[in-house]
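Visitor: Sending over a structure as C-alpha cells; questions will come in a sec.
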C-alpha cells in the first residue's frame, strides 16, 4: 500500500509496469560484466552465441564490456577458487550508469564511498586504471563481502592502486578533505528490489521506519563526498530506489545549501542507453531508470555534481 500510494503518484502509469516487474524476479534480465584481467574471450564468444550483445558500443572506446540479453536468460555465477580470478560479474546493467557518469580516467584519485558489494569498483577498474581507488564500506558484513569480491576479480599487480577501509562515510569530508578527483556515492537506500518483499508485516513496518530516516543520512554522505573532492572535482550520487525523497530531493537540498556545487547534464548518457533502459521523463536533478516490460533494468537514480571551488 505504501509503495502503491507513493510511486503511483510519482510515476503514474509507469508504476504499473514497474510494480509487476519488481514482483516477478523470474522476469529480471541480468548483465554479464567481463573481467578484463581474466582473459575472458571464450566467455564473450559463448555469450554472443546465446544471443547476448554488448551494452556499450565499441565506438565508446571503453574497455568495459557488459553483455545483456532481451530475455531473462540465466547465467550461473562462478565459484571463488583460490589463485584464480573470476571471468565475469553478474549485475543489474543499469548499475553501470553511475560509473559511466563518473568517467574515470587513467591516474584519477577515486573514492568509492559506500562500495559493497563491489560491483561498481570492479566496473571502474574495467574502464581505466586510476592512480588510487579507495573502496570504503562501514557495515562489517558488507565490508567482508567487498574484500572477497575484490580478491575474486582484481589481480595482485593492482594492490598498490587499491585501498579498502571500514569507516563511516560521513567522516571523509573531514579526514580526507580535497584528497580525490572523483567520488562515487552509491548511497544506502531503500532498495526497491528487496524491500518490496517482507516475510511478516512487522518487517514491512520496520523497513518503512528505516526508510524515513534515510534521506538525512544520504545528505550527510553527499556533503562528505563533496568535501572530499578537489575544486573542479566530480561526485556522482546514485541509489537503487525509485523514491523521490531519496533521489531528487536529496540533490535539490544540497544544491540549495551549497552555492559552490553545480549540477552536470547527463542527457548524452541517457540518449546512449535509451534503446536499453526506460528513463522517467519527469525526474529532475538526474536520471531515473524505471523497470519496464522487456526492459527490467533498474531502479537506478544517477546525479552528477561538480565542486566549483
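Every residue, even glycine, has its Cβ placed from backbone N, Cα and C.
Relevant sequence annotations retrieved from TrEMBL are reproduced here:
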{"type": "ACT_SITE", "residues": "240", "note": "active site, nucleophile"}
{"type": "BINDING", "residues": "114, 115, 116, 117, 118, 119, 120, 137, 168, 186", "note": "S-adenosyl-L-methionine binding site"}
{"type": "DOMAIN", "residues": "20-308", "note": "domain 'SAM-dependent MTase RsmB/NOP-type'"}
Visitor: List, in sequence order, the same-chain residues at least six positions removed whose CB sits under 8 Å from that of residue 240 (active site, nucleophile)?
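Guide: Result: 92, 95, 186, 189, 191, 192, 193, 298, 299, 300, 301.
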Visitor: Taking the residues 114, 115, 116, 117, 118, 119, 120, 137, 168, 186, which the record names as binding S-adenosyl-L-methionine, find the longest CA to CA distance and state it in Å to the nearest whole number.
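Guide: Result: 20 Å between the two most distant Cα atoms.
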Visitor: List the residues of the same chain that sit at least 6 positions away from residue 116 (S-adenosyl-L-methionine binding site) in sequence and have their Cβ under 8 Å from its Cβ, in sequence order, or write 'none'.
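Guide: Listed in sequence order: 137, 139, 142, 143, 145, 146, 149.
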Visitor: Far apart in sequence but close in space: which same-chain residues, 6 or more away, have a Cβ under 8 Å from residue 118 (S-adenosyl-L-methionine binding site)?
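Guide: Long-range Cβ contacts: 135, 145, 146, 149, 150, 153.
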Visitor: Drop a 10 Å sphere on every Cβ of the binding-site residues 114, 120, 168 and tell me which sphere holds the fewest other Cβ atoms.
Guide: 168
Visitor: If I take every residue in the domain 'SAM-dependent MTase RsmB/NOP-type' (20-308) and average their pLDDT values, what number comes out?
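Guide: Value for the domain 'SAM-dependent MTase RsmB/NOP-type' (20-308), mean pLDDT as a whole number: 94.
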